[in-house]
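This report refers to the structure that appears directly beneath it.
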Amino acid sequence: MSQSATPSRESKRTITTRALVRTARAYAADRGLSGFTIEELCADAGVSRRTFFNYFASKEDAVLGMPLVRNDEDAVARFLTRPPVDGPGLSASLLDDLAVLAEARWRDLDMDPDSVAHLVAAAEREPRLVGRMVQLELEGEALDAGLVAQREDLPAGDVRAQVAAQLIGAIARGATQEFLTSADSESFSDILARRIRAARDLLTLPSPSTGPRP
């Protein structure tokens with residue numbers, strides 16, 4: 001067998017992750033989270049229970065497609081490579097680069113149409129999935145705020161790092177919701193870019209006068 005025909009460890013992990021995610025979503029959409037066991041999920045996906053817990057912390061995380069090990073090391077490394085800047089201040093491409101990171105993470109998610117339909121149905125059936133999703137999003141924003149601070153050499157807790165992560169996080173969530181619910185064929189990348197442009201238009205509005213009103 002040629003080297004190119006031999007699956008790498010990374011590709012095997014991707015294949016296994018997607019098999020577990022798709023199976024978990026189908027089960028959750030049809031039966032709800034309490035309607036199937038991890039053993040059933042593993043048997044259908046062709047993996048052991050031990051393998052499942054090497055990939056996911058819970059059934060909820062499997063349905064949401066949030067593995068224990070993030071697969072965004074390369075994208076994070078690219079984001080942390082700060083472009084040259086003239087003088088003090090934040091890099092001009094900060095928000096764009098943070099959006100690129102969000103898009104790279106999106107590509108790692110399983111967005112097969114059937115899988116997405118099952119995810120939406122599961123979330124409608126199981127409100128706690130939405131709560132878990134919000135929790136994961138908040139954790140992700142805290143992580144990204146740390147990455148922004150590291151890249152821009154900002155002190156811990158700098159509000160600019162927090163706002164940058166929260167802004168792109170909110171825009172990405174809106175883009176995700178539009179992608180999942182819209183009947184149009186617009187790609188997630190195009191939706192995200194359109195929303196980033198809208199945010200720029202809003203953020204560049206002139207400041208209102210602070211003087212007394214007539």
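Glycine is treated like the rest: Cβ placed from N, Cα and C.
As stated in TrEMBL, the feature DNA-binding region covers range 37-56 out of the listed 37-56, 97-116, 117-136, 157-176. With DSSP classes pooled into helix, strand and coil, the tally for the domain 'HTH tetR-type' (14-74) is 44 helix, 0 strand, 17 coil.
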